[in-house]
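TrEMBL has this to say about the protein:
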{"type": "TRANSMEM", "residues": "21-48", "note": "transmembrane segment"}
{"type": "DOMAIN", "residues": "23-509", "note": "domain 'Major facilitator superfamily (MFS) profile'"}
{"type": "TRANSMEM", "residues": "68-87", "note": "transmembrane segment"}
{"type": "TRANSMEM", "residues": "99-118", "note": "transmembrane segment"}
{"type": "TRANSMEM", "residues": "162-189", "note": "transmembrane segment"}
{"type": "TRANSMEM", "residues": "212-231", "note": "transmembrane segment"}
{"type": "TRANSMEM", "residues": "351-368", "note": "transmembrane segment"}
{"type": "TRANSMEM", "residues": "374-393", "note": "transmembrane segment"}
{"type": "TRANSMEM", "residues": "405-424", "note": "transmembrane segment"}
{"type": "TRANSMEM", "residues": "444-465", "note": "transmembrane segment"}
{"type": "TRANSMEM", "residues": "486-505", "note": "transmembrane segment"}
{"type": "REGION", "residues": "513-534", "note": "region 'Disordered'"}
């Protein structure tokens with residue numbers, strides 16, 4: 001019986017040690033890379049449009065056609081969904097460690113390959129870029145279930161939430177790092193290769209060397225992944241997988257003794273070994289009535305809340321360009337040259353990351369084991385709903401001169417409460433509440449539902465938010481329902497996320513075996529000590 005396994009008890013009660021922080025850094029650098037690679041494309045899409053889709057005689061710089069823009073962003077999401085499902089499943093089948101380094105190598109290789117996208121014709125360059133970004137997304141997707149599961153299985157129960165959230169919080173630094181690196185590269189190129197604004201000289205505003213800028217920015221995403229590859233390979237398999245899935249408690253004990261630098265007494269080892277000999281009644285699979293009865297509502301809760309959260313989270317990017325332009329962070333495109341525009345976009349992303357994204361993540365890290373996952377998620381969805389309606393209902397007021405600052409404040413607060421809220425907790429909880437043999441799979445399913453929501457948010461609302469008057473819609477887009485109505489829909493989406501949160505159990509202060517009920521004796525009745533959704 002898992003409850004008798006002293007090696008797992010030792011993990012649950014272990015004091016915070018250096019190996020905990022090592023695991024956070026090793027797993028977290030993967031998420032730094034994930035965020036950098038996913039979000040850095042938004043820094044260079046305007047530049048790609050200027051380089052490859054310039055129209056002679058146009059009053060505005062070239063821009064990516066809607067279908068090309070959607071493809072470049074969408075293929076990464078598609079790859080991420082495939083990676084989350086595949087590596088989630090394979091992580092439970094053959095072990096977390098065996099495939100942990102694979103995801104990092106895929107990310108590194110495809111980051112470099114994205115920057116080397118070949119050809120001179122726009123179609124060729126975009127096609128190769130899309131191909132490599134799909135496989136980049138595949139590697140990124142694999143990192144979600146593996147990193148979350150590994151961190152949850154290494155951590156003690158007292159600070160487990162903070163450790164998993166700290167891994168995910170590295171996304172904030174990845175977004176911040178992308179903005180800062182874009183600023184540095186564009187500043188260097190701007191100093192070395194002077195160019196006039198587009199309205200002065202449309203052709204001369206995009207110097208030939210600008211083609212190197214976007215390639216360098218994309219390729220830099222491989223560096224943090226390469227740096228941590230060696231250390232990922234040195235990590236032992238998690239004790240919970242080795243003991244509960246591979247049924248080798250002796251090896252699990254030896255691994256944890258080495259990692260924790262303690263001696264788990266021989267008497268306890270023998271007790272642990274004997275406990276595995278007892279056939280557990282908890283050997284059901286994913287597609288069974290037992291799983292549906294015991295964890296079906298939990299999986300619905302984790303998948304639906306992540307899906308709804310990402311609809312709102314990724315759709316907010318639609319309003320960034322309008323907000324940045326309104327408050328003067330990004331001037332009109334025709335008043336800048338190509339490299340200067342990259343600099344201004346990088347500066348804007350850096351400011352947003354510093355002011356709302358990074359602080360929100362770390363509020364979660366510091367408070368998640370104090371007030372609990374459920375409370376943080378409820379607060380997050382509630383405040384996101386409030387601020388979304390506060391933006392939507394008086395939308396005309398926010399568009400008037402002098403009122404843009406208020407819009408930016410509310411907009412930033414929705415980002416803050418997304419990160420100090422469901423954006424972090426939807427990542428943490430699926431790694432805690434499912435059995436060890438299905439933990440990575442269920443996390444991958446939940447994360448894949450999240451990325452489906454991201455696609456709805458990023459692309460569905462791109463069309464939905466177009467003006468109701470087709471003559472005012474962006475080139476290539478049909479009429480939509482307008483920004484105000486889109487914000488109202490997003491407010492309703494956040495409200496639904498709040499309701500589905502009540503399907504997710506609170507895991508604060510409980511062991512993984514207690515949450516998954518793997519510590520139950522097979523002789524106990526099915527409904528004994530059931531984990532009830534909060």
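Just so you know, the numbers here start at 1 and follow the chain as drawn.
A Cβ is built for glycine as well, from the same backbone N, Cα and C atoms used for every other residue.
Owing to the predicted nature of the structure, the values given are computational and were not obtained by experimental measurement.
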Quick check: do the transmembrane segment (99-118) and the transmembrane segment (212-231) share at least 3 Cβ pairs under 8 Å, counting only pairs 6+ apart in sequence?
yes
Ranked first among 21-48, 212-231, 486-505 for CB pairs under 8 angstroms with the transmembrane segment (68-87):
21-48
Determine whether the transmembrane segment (486-505) and the transmembrane segment (374-393) share at least three Cβ pairs under 8 Å, counting only pairs 6 or more apart in sequence.
yes
What same-chain residues lie close to the transmembrane segment (405-424): Cβ under 8 Å, and 6 or more beyond its ends?
165, 168-169, 172, 305-306, 309, 312-313, 316, 319, 323, 326-327, 352, 355-357, 359-361, 363-365, 367-368, 376-377, 379-381, 383-384, 387-388, 390-391, 398, 497, 501
Grab the same-chain neighbours of the transmembrane segment (212-231) for me: Cβ-Cβ under 8 Å, and only residues 6 or more beyond its ends, written as numbers and ranges.
22, 25-26, 29-30, 32-33, 36-37, 40-41, 43-44, 47-48, 51, 101, 104-105, 107-109, 111-112, 114-117, 178, 181-182, 185-186, 189, 339, 342
Where else in the chain does the transmembrane segment (351-368) make close Cβ contacts, counting only residues six or more beyond its ends and a cut-off under 8 Å?
161-162, 165-166, 168-169, 171-173, 175-176, 179, 320, 329, 376, 412-413, 415-421, 423-425, 428, 508
